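A short worksheet on the structure shown next.
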Amino acid sequence: MSNLQDIVVKEMKVKPSVESKSETRHIIQFIKNYVQSHSFIKSLTLGISGGQDSTLAGKLCQLAVNELKEDGNDCEFIAVKLPYGEQKDAAEVEDALTYIQPDKIITVNIKPAVDQSIQSLKEAGVNLTDFQKGNEKARERMKVQFSIASKQKGIVVGTDHSAENVTGFYTKYGDGAADIAPLFGLNKRQGKQLLAYLAAPKHLYEKTPTADLEDDKPQLPDEEALGVSYDDIDDYLEGKSVSSESKEIIENHYIKNAHKRELAYTRYTWPKN
């Protein structure tokens, strides 16, 4: 294992393997402890896309909230559907919600807000690319979640896990923004492992991962956008050897997107010593 890989593995907290029962218990307890340590928290809010990550985070949140209620805490889990117009995999969103059984479901169509924002920018002489429009969608979704959390006296739960974090495969202040990130420390295959343990419908964690933010490239697979497979990313994070090409791609993503993993720099934190 190279020096940089060793640094990355330690930073990303991924273990070579996880035991499903204890790992699930550890994440649920983390969520419960956070809520119980902040008396103002009355809800957990999370956007549900129908993919692996939000399905897992949603299930763990609902399980944690169920236990909190049993302990006498006033708390609820709010699942948010955030389509941009018609969502191509809307059926899988419904399947995820049926599996999660959230306390409350809220639906907000982000299309009017995103389109108006893009039009206003265009009128100001700022013409966004399709990729940049995708980031607008991600940020609008997170804005909505924070609005709901504020109204419901709660916090926003993120779906960021270590295979996304290491590559910076998320929108800064979009899906990368949240109050807690309970999946951090897991890689992609470990997330699948926990969903299998929690008896999730197989098609929700075996579907091809996609951010699906670009109109010109609908359902673009994550692995195609990243230029490397999740299997290689997972192997790298578990401290295993990967091809020199995959290693270079992963480490380039890690270095290039370091700013996404930091809070806003100040004159006291940049340049780093």
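Numbers run from 1 along the shown chain.
Backbone N, Cα and C define each Cβ position, glycine as well.
Residues or ranges marked as ATP binding site by Swiss-Prot: Gly47, Ile48, Ser49, Gly50, Gly51, Gln52, Asp53, Ser54, Thr159, Lys188, Thr210. Secondary structure at Asp53 (ATP binding site), taken from DSSP and collapsed to helix, strand or coil, is helix. Within 10 Å of the Cβ of Asp53 (ATP binding site) there are 22 other Cβ atoms, across all protein chains.
Among the features that Swiss-Prot reports, Mg(2+) binding site is placed at Asp53, Glu164.
Counting only same-chain residues six or more apart in sequence, the Cβ atoms lying under 8 angstroms from the Cβ of Asp179 (deamido-NAD(+) binding site) belong to Ala149, Ile155, Val156, Val157, Gly158. Per Swiss-Prot, deamido-NAD(+) binding site is recorded for Arg139, Lys172, Asp179, His259, Lys260, and the stated evidence type is sequence analysis.
The binding-site residues examined here are Arg139, Lys172, His259, Lys260; by Cβ neighbour count within 10 Å, the least packed of them is His259. A simple way to gauge crowding: the CB of Thr159 (ATP binding site) has 26 other CB atoms within 10 angstroms, across all the protein chains here.
Ranked by CA distance from Asp53 (ATP binding site), the binding-site residues Arg139, Glu164, Lys172, His259, Lys260 have Glu164 at the top as the closest. With a cut-off of 8 Å between CB atoms and residues at least 6 apart in sequence, the same chain places Asp53, Tyr170 near Glu164 (Mg(2+) binding site), listed in sequence order.
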